[in-house]
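Copied over from TrEMBL:
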type     : residues : note
DOMAIN   : 145-455  : domain 'NADH:quinone oxidoreductase/Mrp antiporter transmembrane'
TRANSMEM : 12-33    : transmembrane segment
TRANSMEM : 45-64    : transmembrane segment
TRANSMEM : 90-113   : transmembrane segment
TRANSMEM : 125-142  : transmembrane segment
TRANSMEM : 148-168  : transmembrane segment
TRANSMEM : 180-203  : transmembrane segment
TRANSMEM : 223-250  : transmembrane segment
TRANSMEM : 262-286  : transmembrane segment
TRANSMEM : 292-312  : transmembrane segment
TRANSMEM : 324-344  : transmembrane segment
TRANSMEM : 407-428  : transmembrane segment
TRANSMEM : 440-461  : transmembrane segment
C-alpha cells in the first residue's frame, strides 16, 4: 500500500526554486570557460552572481500563490494523516524572511563575485553561489517541516554549506579558525540534538510533530524522565543556531572570519532558521512539556540579551574588526529578544485557559515581527559596514560629512535595533515582545528586557554619534581615524 500521497509541487515550489538555482550554479561553474580576455572574470562572476540573485527572487514570487491558506503535502494516508510539509502562515513568513535574507546577501556580494577570479585569494564565485543557495534551501525547508527527520535534515542542509562559506575567504588568516570553531560547535550540538530526538521517538513512537504532541502526554509514566531529557537535549541544536547563551561562543570569531556578506547572512538567515525550529519543536511537538522548555527559554532569553549587550558594550571602537564584532555581539543580544515571546508562549500553554491558543499565536506573531525587523536592519547595517574602508567602528567617524545618505541609513538601522523613534519598526516590535511577556505574567523577564534596552542604547548611540562627529575630533578610543571612505562592497 502506498503510504505517501502525490506531491503538490506548487506547495514546495519556493524550496525547489532554491534547489534548482543551486544545481544551476554548480553546472554553470563547471561549464563556463575560465576567466580570459575573451571571457573576462567580470562576466563569469556576473552570470554566477545572477543565479545567486535569481533563485531567491523566484522563490519569493512562488510564495505569492500560497498566501491565501494552509497547504500540505507529503501526508500519510492513514488516519489522522499527519503531514511532513505544511505551508501555513508561519512557514510562509519564515520562508519569506529566509528568501529575502539570501537575496540581499547575494546582492551585497555581486561586486565581489564580479572580481572573484582575477584576485589572488579571492572568494571563488561558483562555489560561493552554490553554497549560499544550498544553505538557503535548507533554511527555507525548515519552517515547513512537520516531522523530526525533516526538521533535522533541513537544519543540517542549512548549516553544512556555511562551514565552507566561512572558510572561502582565503585571503583572511582568521577564516579557517572561524570555520573550525563553527564546525566543532555545530557538530557537537547536532549530536546532542539527535540524542534528544531519539529519546522523543522512543517515548512517542513517531516522528511527526503532531503525533508526538498527542502521544507524549499519554506515554507510560515510567518514560516521563526520558521525555523531559529528550525535550531538553533536542532544544540544544536550535539554541546554538539562534546564538543563545551558553551556545553563543562561536559567533564573534565566526562572524569576524567569514566574508562580511556571509556574516550578515548568518546573523539573519541562520538565526531565523534556528528560531523557526525552536518554535516548531516547542509549540507544535512539545506543548505538553511547556514546564520544561518554558522556564528554560525564559532563563536563556534573559542571559542571552544580557551577555550579548554587555559584551557589545566592551568592544573597543578602535580595535581591528570592531564593527563586525560589535554587530556579532549585538546579534547575540537580539537573539534574547527573539526567545522572549517563545518563553511567553510556554506560560500561555501552561495556563490552559480559553484564551491560551490566542496567547500562543500572539507570542509567535511577536517573534516573527521582531525577526522581520531584525533581518532588514541587520543586513542593512552589514551592507554599510562593508562599504567603509577599514573594519573598525572608528573608521566610520565623520561619515556624515562626505556620505550623508549612508550615514543617515546607518543611524536609522542602529536606532531600529535600539528600539528608539524614529526607528518605529524597532520600537513597535520591542513593544510587541514586552506585551507578550507582560501578558504571560513574566514580570522578571520584562524587567531584564527593559534594563537591556538601556544597556544597548549606550553602544548604539556611541556608534551613531561617531557617524556625525567632525573628522578632526578624537573618536574617544584609540588613535584618530580618517574620514570614512567608500570601498567596493563584497570581498
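Numbers here mean position along the shown chain, with the first residue as 1.
Here the Cβ of each residue, glycine as well, is placed from N, Cα and C on the backbone.
Contact between the transmembrane segment (292-312) and the transmembrane segment (440-461) is supported by 3 or more Cβ pairs under 8 Å, counting only residues 6 or more apart in sequence.
Under the criterion of 3 or more C-beta pairs below 8 Å, with sequence separation of 6 or more, the transmembrane segment (125-142) and the transmembrane segment (45-64) qualify as touching. Counting residues 6+ beyond its ends, the transmembrane segment (324-344) has Cβ neighbours under 8 Å at 242-245, 248, 251-252, 254-256, 260, 263, 267, 271, 275, 278-279, 282-283, 294-295, 297-298, 300-309, 311-312, 315, 359, 363-364, 366-367, 370-371, 374, 378, 381-382, 385, 391, 393, 417, 430, 432-433, 436-437, 439-440, 442, 445, 449, 452, 456, 459, 463 in the same chain. Non-local neighbours of the transmembrane segment (180-203) in the same chain are 148, 152, 155-156, 159, 162-163, 166, 212, 215-216, 219, 223, 226-227, 229-241, 247, 249-250, 253-254, 285-286; each lies 6+ residues outside the stretch with a CB under 8 Å from one of its CB atoms.
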